[in-house]
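**Q** Questions regarding the structure given below will be posed in turn.
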Amino acid sequence: MDKDNSVQEKGLFLSSWKLDNSKMAELFMECEEEELEPWQQKVEESQSKDDDDELIFVGEISSSKPAISNILNRCSPGSSSKGLKNGSFNPAISNIFKPTSQHYRNPSSNALVALPSFHPALKSSESSDGQTVSKLDFTKTSPQEDSGACSVSQSDSTQDIPSSNILQPRTGVDQTLGLKHPSTSKVNSVNPKKPKTSASISETRPCSSSSSQTAPSGASSQTVLSNVNTSSVQSAPGSSSLRSCPKCNVKFRLLDPLKCHMKRCCPDMINKFLETLKSENSKAVSKATTDSDKEKLIMLVSDFYYGRHEGTIEESQKTHTTFKCFSCTKVLKNNIRFMNHMKHHLELEKQNNETWESHTTCQHCYRQYPNPFQLQCHIESTHTPHDFSTICKICELSFETEHMLLQHMKDTHKPGEMPYICQVCQFRSSIFSDVETHFRSSHENTKNLLCPFCLKVSRMATPYMNHYMRHQKKGIYRCPKCRLQFLTSKEKTEHKLEHRTFIKPKELEGLPPGTKVIIRASLGSSQSRASSPPSSTIPSTSLQLSVPKSKSTTTKNNSKVSANKATTTSPQTVATTTGKPSASKPGTGTTKSKAKPSYKQKRQRTRKNKFSIDLKNLRCHQGSHMCIECRSKIKDFSSHFSTHINCDFCKYTTNCNKAFTNHMSSHNDHPSKQLYIFKKQSRARRGITLVCLKCDFLADTSGLDRMAKHLNQRKTHTCQVVIENVTERAVTSESASDGLFK
């Protein structure tokens, strides 16, 4: 008869389990939001796999509180008090209060009887919705109250409790049944036989009706319902990031829940706790600041990228050899004079030929430009006695801003790169003029002859002259990373191997791991960093030598400055589309219409930013990819397509940094802001005016192209060049009048 009743109770419990299965899923979803421990998540997986075959008991308890309180929370608030007064505990419930050794002494006898008692706990866990359920004070429970609990539990197991009778959860407050929490010491003194549990959801392993599966489930419940010390060991992996309450030692991952808990648990200790927390944070910030200052090194471009190596110091044998030029049959006394003579021959031939190429080739670096105007701009901005911070001394090219120079150095050159080599003594330098000066001073009165195009050394006059003249032909191979040009592809390939780090900068030796090196184009960029607009903070770049241990303050500041700009991998070195508008600050005479961009400008800017983001987020993992603009392999999309750049002198736009650099150097090598200095000097030396003899059209030296177009459109017109001697007074008055009209 007992077996039939137990089987009937089991069937009723299975039906209620099917009804509440959806609510059970909701319970576990909320448990996941509360960041369960790893051992709890593992039990949840086993429940989801075996919920069709086995019965599962899920209850939610708090730290050092009895687990039986969940069983009594299955009814409505009215029925719960009634059940305590009129009934006694179920024998199965009383077995839970026993130690684990007594609870599983005879598993086969109580396996089926204990099944209905698990169902109310399941209901209570569903009604709690992941919140901590309050615990009952069992010191006030009389033996008369214990007599009716069995009838209450059995009658509830045969009825379906509607969802309206289930206790609604209260977020953040533990007030179920309006009872008070007992402290840890009280629970241990009143219920000495109850097992201690941790502040998390404890679960009893599934148990079936067979006696063979009951014992393993008991063993698993002993592991879960263990003492506080065991549970603390299980949660040890995340204990480093947890903060505990100073009174009850309950641990929290976030600070706000801990504050709410301390307001209820120990309100008198919260102020002291917050002061201690602030002092710890301030110490940590100060330590991080000092560490970041120690782990930061600021270097200039000249110190980081440029270098010089003396080579083998051996005095070459002086032979006062004469050299004869077979073109003009002139005899030169030594090798240096013969080299200068060949250079003059080249200039004379260019003047006699009067070809277009002779007027578009730079006499210093032998680069060719589309027109004479761009050649003049290149000479005045690059080959000057003034040492500007926007000139790359390796390539001998000038850039518009310091940021463009830094981007060029990052993409093209290596630290301590010395591609210019003396083939006689292996003297190396990052600057071409250093090698040329070294050769003229150290190897004078020898048989060695230096080619100014490829630095090849010859020892005979005739082969040297033939080699010299072959460089004037079109079939030459230029190095894209320096000014050298070669006659064969093999020589160019061998030279490319020299574009590497030859000698590591001395400042980088012996640095601790994690040190960040900040490269600046000039010393002035660091001083104007705080007062200048955000675009002026761009000209500093950081090179991370190893994995950083702590984030430096410089990186944090630069990330804050560039927060409103396009997202890049290195925000300190990549130009943005908002750099030019930010260059003009309020107070420089700009009107409101200029300060506020129009709808069309905003739309174009949004479109450019969208293109930049799409290119940077592009990821292709299979095979190698080549950029169709610069014809180079793409290693990283985000750094290769850093931002959308527009040319100020033509309609050229691109997202490729290398393509834009090549465009500026070959097509639009225009003068920068410092070109105004040279215009003043040239105006002081000479005043040249072009006058059309048929009409009133006039043009100065800056309008040579306009005069050429004028004469081309009007075939019958002719012009005359008028050269005036401009005095210093005229230049001063002219500059003063320009200042008045501006």
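A Cβ is built for glycine as well, from the same backbone N, Cα and C atoms used for every other residue.
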**Q** Under Swiss-Prot, the annotation zinc finger belongs to which of these stretches: 420-443, 636-659, 708-731?
**A** 420-443
**Q** Examine the ranges 6-29, 54-77, 390-413 and name the one recorded by Swiss-Prot as zinc finger.
**A** 390-413
**Q** Choose the correct range: of 86-108, 270-292, 477-499, which one does Swiss-Prot annotate as zinc finger? Give that range.
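**A** Result: 477-499 is the stretch Swiss-Prot calls zinc finger.
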